[in-house]
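Colleague: So TrEMBL lists the following for this protein:
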REPEAT    136-173  repeat 'NHL'
REPEAT    181-220  repeat 'NHL'
SIGNAL    1-25  signal peptide
Amino acid sequence: MSLYRSTIKAVMAFAVLACISTLAAADEPRIDFTAVLDAIEVPDDIELGKCSGVGVDKQGRIFLLHRGKRPVLSFDKTGKFLRAFGDDYVATGHGLKVDQQGHVWVTCTEQHMVYKFNGDGKLLLALGQIDKPGTGSDPPQFDQPTDVAIGPQGEIYVADGYGNSRMVKFSPEGKFLATWGQAGEQPGQFHAPHQVVVDSDGQVIVADRDNNRLQVFDGNGKFLKAYPVKTAFGVALDRDGVLFACSGDKIHQLNKSGSVVKSWGEEGSGPLEFGIGHQIAIDRAGNLYVAEVGSKRLQKLRRHSR
């Protein structure tokens, strides 16, 4: 009888665990993508350089940052070319972000600057001192900033990436507020913080590329957790809060625990292949855009759920 009861308990426990596992899997969105290589129509008189940043506004307009003349290119949601801007400001662009108001933010590693434009290319704000790398906060000085993200209340978070290995926080008006991080491998330290996003709760998620991880902080820089992601070039969130990361030759979907649940891609220049995916963005329909510095192109991944 004792053996019988033990067996029944073991079977019931296994069934409960299996049920929990099934429910957890059901909570994860079943996402897949189809590659679109001709998503944008680049004019014949523009030669694409290394494509390093991309963003999409609420209307579906695509903004692509490349390292060449006329560095910021905009397209409508069908991929038709609209305009180019940035020649007067952006020398070597690195990261691009479009905020909820449609402003276009660009980081420039050569000049150590962060620029805010409207959607038509008018300069609205500049952070940093041109051609003056540094670690100062008043006035703010960057050393090769890599990316920028905007919080729910308009807070500005700059990944001061290659030179200073830190994050810098500003008010919506550009007033310095705080900084955190330094070079290293411990929690809260960075080795090439490369792209940054802010979720709906105000948590700051940083792609800490050369430490092979994503790091998550509260809005004031308190370390919360880290997720392992090999060579984390890029990070993005969809409208539902699903987290995606880019490892150069792969795109990863992460679950709420930070584990990779699905990956797409390999090194190459074909569909769903990536020639150094540098930074990523997601539009309101869930389509994912990859700016590739190696292949000098923008690849759109059209989303479909199963």
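Including glycine, each Cβ sits where the backbone N, Cα and C put it.
Please treat TrEMBL annotations as automatic predictions, because they have not gone through curation.
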Colleague: Please average pLDDT over the repeat 'NHL' (136-173) for the predicted structure.
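Modeller: Across the residues of the repeat 'NHL' (136-173) the model's pLDDT averages 96 on the 0 to 100 scale.
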Colleague: In the repeat 'NHL' (136-173), how many residues does DSSP assign to helix, to strand and to coil?
Modeller: 0 helix, 16 strand, 22 coil
